[in-house]
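Trainee: I have a structure here, written as structure tokens, and I will follow up with some questions on it.
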Amino acid sequence: MAEEGPPEPSIDFVPALCFVPRGVAKDRPDKIVLTQAELARIIGDTQQELDEESDDDAEEGENAEEDQNDMDVDDHADANSENRDPQDEFQFQEYDNEANANVTSLANIVDAGEQIPDEDEDSEAEDEVIKPSDNLILVGHVQDDAASMEVWVFNQEEEALYTHHDFLLPSFPLCIEWMNHDAGSEKAGNMCAIGCMDPIITVWDLDIQDAIEPTFKLGSKGSRKQNKEQYGHKDAVLDLSWNTNFEHILASGSVDQTVILWDMDEGQPHTTITAFGKQIQSLEFHPQEAQSILTGCADGYVRLFDCRDAEGVNSSSIEWKVDGEVEKVLWHPTQTDYFIVGTNDGTLHYADKRSPGQLLWSVKAHNEEISGVCFNNQKPNLLTSTSTEGTLKVWNFDGTEAKHVYEHEFNMGRLQCMRQCPEDPYTLAFGGEKPPRCAIFNIKNSIAVRRTFGIPDAE
């Protein structure tokens, strides 16, 4: 009888990924050697946070038990339904309830000494060196109850793709945003913000290879026991957008039905937008107008806010209504009055910010929800879309219609995300739920794409 190997993970997929531009990463990321005191502090802080959450959860449970006596059974069921995470297709409520396991994992890793670099290691190994021609790809990976960020190296010229290093995350990642703003430093950084099932946004320095805690966090759950005030989001963070014009500002959208504009230099919310009927699933700052942010909500509304007046921002929006839930919104990078909207029924809508409430065209692009959209800054009439049905499609569009050009089936199960290489808009990265789970694809490989958009054949 053949020996049985380890069981296959029941959950294994890539829910989020992000490109890092070439030339911004250190050629050799710093490796941190922790002292025993620093190690004890990190483990102690983590354990304290979990103890505080456990105490608060217990107190909330006692209060809920008292309140239950005053409720109808039907009302109680409705409340549970409302509190259930709408993104929880893989039952990650159970994953969050197992948070205590992460502390044990953290302690074991540190005790094993695997985070401490050996002086005898060959630091000149080629794969360790990040070249100016390399892109990094930040890959959020979920495997059963473990969540991690994998930092991949992608070199287009050499056709190389490999994992450089990874680090543990405190919760299941939902969105990743790269930014070069290093809070507290006058120099440009190499940072990323991660939104998770947990309401706290973590910000990591990508030039530090062995980090076991983020550089800083945005938000606090608060603690009655420690008399700590709650601030920031109260539920999962579904999307992030960095303001490239005001580089200290990061926007986040949440299941708690708010958008927060964070001042990263202060580590505090600057503006909170509450004009939503359901969770915010997508948002993006305008590429040129720093005060404008576009949001997509599960209530079927796309809203454009002027954020210059923090007090009046909730009444400043203009709106577009579509059928279904808004899954994606994206500004056109060169024709910046226009934007695309993707919904949970697989429809794409194109609109002009100067025409509130009007849609220029709509097309039933996919049979399932839109999980990614990308414009092309070299070909302004080229649009790509992906869906959880597992396909990539390429569209040729103008102000009146979109025509299907090409499609590709990845056989990776449900495609969860798609992002575009900053230096080559034809090269796209995808995250899915079946091997290889992360894939790179260049749409110029398609003859139909080259012919339609006048792209020369490769030599």
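Heads up, the Cβ atoms here are built off N, Cα and C, so glycines get one too.
Just lifted these from Swiss-Prot, have a look:
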| type | residues | note |
| --- | --- | --- |
| COMPBIAS | 48-73 | compositional bias 'Acidic residues' |
| COMPBIAS | 74-84 | compositional bias 'Basic and acidic residues' |
| MOD_RES | S385 | phosphoserine |
| REGION | 44-84 | region 'Disordered' |
| REPEAT | 168-214 | repeat 'WD 1' |
| REPEAT | 232-272 | repeat 'WD 2' |
| REPEAT | 275-315 | repeat 'WD 3' |
| REPEAT | 321-361 | repeat 'WD 4' |
| REPEAT | 365-405 | repeat 'WD 5' |
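Describe the structural surroundings of these features, if you would.
Mentor: Cβ environment of S385 (phosphoserine): G342, L348, A365, H366, I370, G372, V373, C374, L392, K393, W395 lie under 8 Å away, each six or more residues apart in the same chain.
As a whole-number mean, the pLDDT of the repeat 'WD 1' (168-214) in this prediction is 94.
For the repeat 'WD 4' (321-361), same-chain residues at least 6 beyond its ends with a Cβ under 8 Å from one of its own Cβ atoms are 278, 281-284, 286-289, 294-302, 304, 367-375, 377, 380, 383, 385, 387, 389, 395, 397, 399-402.
According to DSSP, the repeat 'WD 5' (365-405) comprises 0 helix, 23 strand, 18 coil.
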Trainee: Provide the three-state DSSP residue tally for the repeat 'WD 3' (275-315): helix first, then strand, then coil.
Mentor: 3 helix, 18 strand, 20 coil
Trainee: Could you give the number of helix, strand and coil residues in the repeat 'WD 1' (168-214) as assigned by DSSP?
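Mentor: Grouping H, G, I as helix and E, B as strand yields 0 helix, 25 strand, 22 coil.
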Trainee: Counting by DSSP secondary structure, give me helix, strand and coil numbers for the repeat 'WD 4' (321-361).
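Mentor: For that range the per-state counts are 0 helix, 20 strand, 21 coil.
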